[in-house]
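Per Swiss-Prot, active site is recorded for LYS134, and the stated evidence type is a curator's inference. Sequence annotations record features per position, and here Swiss-Prot assigns Mn(2+) 1 binding site to HIS41, GLU80, ASP108, GLU119, ILE120. As annotated by Swiss-Prot, Mn(2+) 2 binding site applies to GLU80, ASP108, with the evidence given as experimental evidence. Residues or ranges marked as motif 'Nuclear localization signal 1 (NLS1)' by Swiss-Prot on the basis of similarity to another entry: 124-139. Swiss-Prot lists 184-247 with the feature motif 'Nuclear localization signal 2 (NLS2)'.
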Amino acid sequence: MEDFVRQCFNPMIVELAEKAMKEYGEDPKIETNKFAAICTHLEVCFMYSDFHFIDERGESIIVESGDPNALLKHRFEIIEGRDRIMAWTVVNSICNTTGVEKPKFLPDLYDYKENRFIEIGVTRREVHIYYLEKANKIKSEKTHIHIFSFTGEEMATKADYTLDEESRARIKTRLFTIRQEMASRSLWDSFRQSERGEETIEEKFEITGTMRKLADQSLPPNFPSLENFRAYVDGFEPNGCIEGKLSQMSKEVNAKIEPFLRTTPRPLRLPDGPLCHQRSKFLLMDALKLSIEDPSHEGEGIPLYDAIKCMKTFFGWKEPNIVKPHEKGINPNYLMAWKQVLAELQDIENEEKIPRTKNMKRTSQLKWALGENMAPEKVDFDDCKDVGDLKQYDSDEPEPRSLASWVQNEFNKACELTDSSWIELDEIGEDVAPIEHIASMRRNYFTAEVSHCRATEYIMKGVYINTALLNASCAAMDDFQLIPMISKCRTKEGRRKTNLYGFIIKGRSHLRNDTDVVNFVSMEFSLTDPRLEPHKWEKYCVLEIGDMLLRTAIGQVSRPMFLYVRTNGTSKIKMKWGMEMRRCLLQSLQQIESMIEAESSVKEKDMTKEFFENKSETWPIGESPRGVEEGSIGKVCRTLLAKSVFNSLYASPQLEGFSAESRKLLLIVQALRDNLEPGTFDLGGLYEAIEECLINDPWVLLNASWFNSFLTHALK
């Protein structure tokens with residue numbers, strides 16, 4: 001048990017628990033169950049307070065990745081884990097400043113929002129019994145009690161659970177994980193049975209009268225009385241026969257538990273149909289940039305000025321012509337739209353002073369491309385509720401699409417290194433509290449691995465485009481504004497560079513609700529010939545607009561330059577999330593951190609330096625038909641980042657559903673690999689739930705194909 005505790009808990013928690021036990025003359029090596037219980041209780045107290053702050057207005061907020069400039073105060077003061085003298089000093093100080101009554105016993109936390117002390121309980125027994133014991137011991141209505149159990153139950157004073165559901169779910173999941181880990185090492189039974197009640201119980205708590213009647217009425221089905229139910233709960237064996245538990249739940253439930261063996265799972269069925277097409281809001285691996293180094297022109301930093309300067313670096317423009325039409329569109333309109341952009345940029349240059357923004361003339365081609373006057377007229381419901389055959393218009397089922405090879409190629413490209421740096425070191429942001437040495441060291445190592453990654457370029461491009469589009473949508477609602485697609489980076493030598501990918505023209509944008517749509521036309525430069533993979537470009541009309549001279553090993557070669565044009569749309573909420581794409585950096589950093597933590601707890605010292613600097617070691621990156629792919633720690637960082645970025649770029653209901661449902665199957669397979677002998681019922685229903693999300697989304701189809709590779713290798 002002692003080894004388990006040292007592996008399972010953060011070294012800081014283990015150290016605090018050892019200190020606390022020594023303070024009471026107890027030995028962690030002998031009283032190992034108590035050691036585990038104290039660590040668990042400490043961790044729950046810390047998780048309870050994590051991410052909860054009070055802002056300048058005194059409102060309670062949850063912040064998982066802090067804005068370094070926000071003036072935030074921690075919502076909870078942690079008293080548990082301090083030595084007794086310090087803990088009482090903190091309690092006395094709180095009582096003096098807030099006027100709250102001083103508690104008889106040391107509580108665990110103080111809540112600055114609700115102005116009350118909190119006693120946290122973690123029990124291996126029945127929450128109600130433990131709650132009553134705590135209440136009896138404290139005998140104070142001022143201290144709020146919150147009990148968690150290892151089975152996911154909780155109980156709190158007046159059913160006031162203080163925290164939001166997600167924060168509490170995090171605690172319950174962690175407790176459930178600890179229990180599973182103990183069970184897999186055959187430690188759980190002894191730990192469960194070792195819990196003693198609160199020593200200060202004086203009388204048995206009897207329920208009488210009306211409360212007793214209510215208790216009898218509110219029992220689950222099949223229980224005649226409270227005694228009967230209590231006896232069942234006391235004798236409830238969590239790892240007993242699941243069928244028995246189900247039969248006690250309800251007469252309706254009829255589930256037969258099937259053993260889940262290596263031969264049980266089948267691969268997911270991916271849809272047949274035409275190959276899937278690109279649906280990201282901007283080009284990824286196929287994008288081409290017109291760039292200026294060390295920009296110092298007049299108006300540098302104003303997007304329109306930067307764009308014109310970038311356009312002037314290219315001399316190979318030619319009369320545009322359509323090389324790949326859009327099947328359903330009026331293609332000449334796309335051609336005329338590009339010619340209009342060129343003409344209006346020329347007009348700007350002829351003006352004495354270049355304006356900061358450019359609104360396009362409302363030509364027929366732009367009105368068509370932006371869907372002007374195409375939306376059906378809205379009628380007030382009161383005016384038509386008497387119409388007999390009023391119904392929602394029929395919409396077609398989405399056509400199933402099959403996985404195309406371009407999706408994996410896009411992902412591989414996103415993991416690669418470019419020759420420019422896309423984020424400065426402080427992009428991930430400092431913590432509100434002074435960040436300790438280890439955390440900043442990890443951040444710097446991680447940033448060094450991903451700053452040149454193509455996925456990081458996509459983040460900065462996405463942030464820029466979404467910010468510019470949302471600004472324009474609010475500032476120029478009726479105008480067809482021309483928005484350059486720009487990014488900034490640094491070259492290997494540290495020189496600043498401004499890049500132009502193309503342009504967006506925004507349609508009318510009276511966005512009242514979060515989901516109201518603004519249409520836009522995107523026009524993006526590329527060297528990719530669309531005729532090589534026409535299925536990828538189904539939604540695009542592609543023009544040839546120039547010839548570019550490229551330096552190669554054999555000298556200069558001329559390549560045609562293409563313009564990928566399409567009509568697209570987005571909403572306020574999508575743009576808001578697009579502006580927050582930097583969060584992907586944080587998410588992947590946290591995933592890497594948990595790998596370092598696992599390694600550190602085994603070695604019992606911080607392994608950050610060794611983790612990043614041992615270049616010879618390889619790590620698992622993912623599954624492919626060839627087996628488990630491995631790579632350097634840098635490759636792991638970039639792959640995790642690319643996954644996070646693609647989840648953002650290709651966010652969809654299909655992805656939400658697939659992630660949630662496939663995770664269940666993944667956990668069952670993991671349990672089988674850990675020899676936990678999992679059992680399932682209605683596995684067919686789970687497969688159905690997963691496969692109904694596999695329709696036409698390229699990123700979901702690729703993830704499903706990876707999942708099948710994982711199944712094959714995991715069950716060998």
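Glycine is treated like the rest: Cβ placed from N, Cα and C.
Here the features listed in Swiss-Prot are placed on the structure.
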| residue | record | Cβ within 10 Å |
| --- | --- | --- |
| HIS41 | Mn(2+) 1 binding site | 20 |
| GLU80 | Mn(2+) 1 binding site | 22 |
| ASP108 | Mn(2+) 1 binding site | 23 |
| GLU119 | Mn(2+) 1 binding site | 22 |
| ILE120 | Mn(2+) 1 binding site | 22 |
| LYS134 | active site | 23 |
Additional residues around Mn(2+) 1, ordered along the sequence, whose Cβ is within 8 Å of the centroid of HIS41, GLU80, ASP108, GLU119, ILE120: VAL44, CYS45, PRO107, LEU109, ILE118, GLY121
Would you mind reading off the Cα separation of HIS41 (Mn(2+) 1 binding site) from the residue listed as 'active site', to the nearest angstrom? 14
Cα distance (Å, whole number) from LYS134 (active site) to ILE120 (Mn(2+) 1 binding site): 10
I'm checking region-level scores; what's the whole-number mean pLDDT for the motif 'Nuclear localization signal 2 (NLS2)' (184-247)? 70
LYS134 (active site) falls, by three-state DSSP, under helix
What three-state class does DSSP give GLU119 (Mn(2+) 1 binding site)? strand
In whole Å, how far is GLU119 (Mn(2+) 1 binding site) from LYS134 (active site) when you measure between their Cα atoms? 9
Simplified DSSP label at HIS41 (Mn(2+) 1 binding site) comes out helix
